[in-house]
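One structure is given below, encoded as C-alpha cells.
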Amino acid sequence: VVGGDECNINEHRFLVAIFNSNGFVCSGTLINQEWVLTAAHCDSTDFQIKLGAHSKKVLNEDEQIRNPKEKFICPNKKNDEVLDKDIMLIKLDSRVSNSEHIAPLSLPSSPPSVGSVCHIMGWGSITPIEVTFPDVPHCAYINLLDDAACQPGYPEVLPEYRTLCAGILEGGKDTCNYDSGGPLICNGQFQGIVSYGAHPCGQSLKPGIYTKVFDYNDWIQSIIAGNTAATCPP
C-alpha cells in the first residue's frame, strides 16, 4: 500500500498472509473459521497461510499457520484472461479459533455504493516503482469510484469482469505489488479483492481494480455448503 501508514495491530484480524518457499506472495481474507478468500492469480503450488500476523519481526503469540486443503476457482473462468473472475476460495486444513489477532470478516450484505470510503491494507510495496516491503501491513483510505473512472486508464478491463474501481483520482494512495488478494472494505463491509492496477502504483487517473465480492456471494456460500460444482455468475 502506497500513501498509507502502519495498520493498527487490532484492525486487521481477518487479514491473512499467503507465502510459499520463495516468500510472501499475497494477502487474503478469513471469512469464517475454515475458509479464506483471495485472488485467483495468487494461486501457486506450495503455498501456506499465516493468520494473526502483524510484524514480520515481532511475532504475535496467537499466530497460526494452515495449509490449503481445497482450492476453488470459478469453473467458468476464462483462464487466458487473468482479470476475469479473479477470485479464489481456500478451505483450510483445520479450523482456526478466534483470538486476539484472528477473527473472520463476513461477506457483504449489500453491494457497495459509489462514493463510499474504503479501507485498503497489506504487506505489499510501500513505494510505487521499486518494491519496498514493510515489516508491518500498511493501511490507507480510498474512495469507491464509478466504473467509468477506471475505463480510460484500463481499456483492458471489460465490464463483464465484475470489478470495482477504487482509489484517489489525483493519485498517491493505492494498493501496490504484493497487496493482491487482500480486502477492500467499504463502509465496514468486505466489498473487494485486490486484483490489478497500474505500475507504478498510485498514478493519477489510474485507480485500483478490485474483484466485486458481492457478485460472488452465492457461489461462495454454495461451495462452503458443500455444493462444489457451483459455478460463478457469467
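For all residues, glycine too, the Cβ spot is worked out from N, Cα and C.
Annotation in Swiss-Prot places Cys150 in a disulphide bond whose other cysteine, of Cys139, Cys165, is Cys165. Disulfide connectivity taken from Swiss-Prot links Cys176 to one of Cys139, Cys201, namely Cys201. For Cys74 (disulfide bond), the nearest of the active-site residues by C-alpha distance turns out to be Asp86; the candidates were His41, Asp86, Ser180. Using a 10 Å radius centred on the Cβ of Cys42 (disulfide bond) and all shown protein chains, the other Cβ atoms total 22. Model confidence over the domain 'Peptidase S1' (1-225) is summarised by a mean pLDDT of 97. Nearest neighbour of Cys201 (disulfide bond) by Cα distance, taken over the active-site residues His41, Asp86, Ser180: Ser180. Just so you know, of the disulfide-bonded residues Cys165, Cys176, the Cβ with the fewest other Cβ atoms around it within 10 Å is the one at Cys165.
Within 10 Å of Asp86 (active site, charge relay system), as judged by C-alpha distances, the recorded positions found are His41, Cys42; the full candidate list was His41, Cys42, Cys165, Cys186, Cys232.
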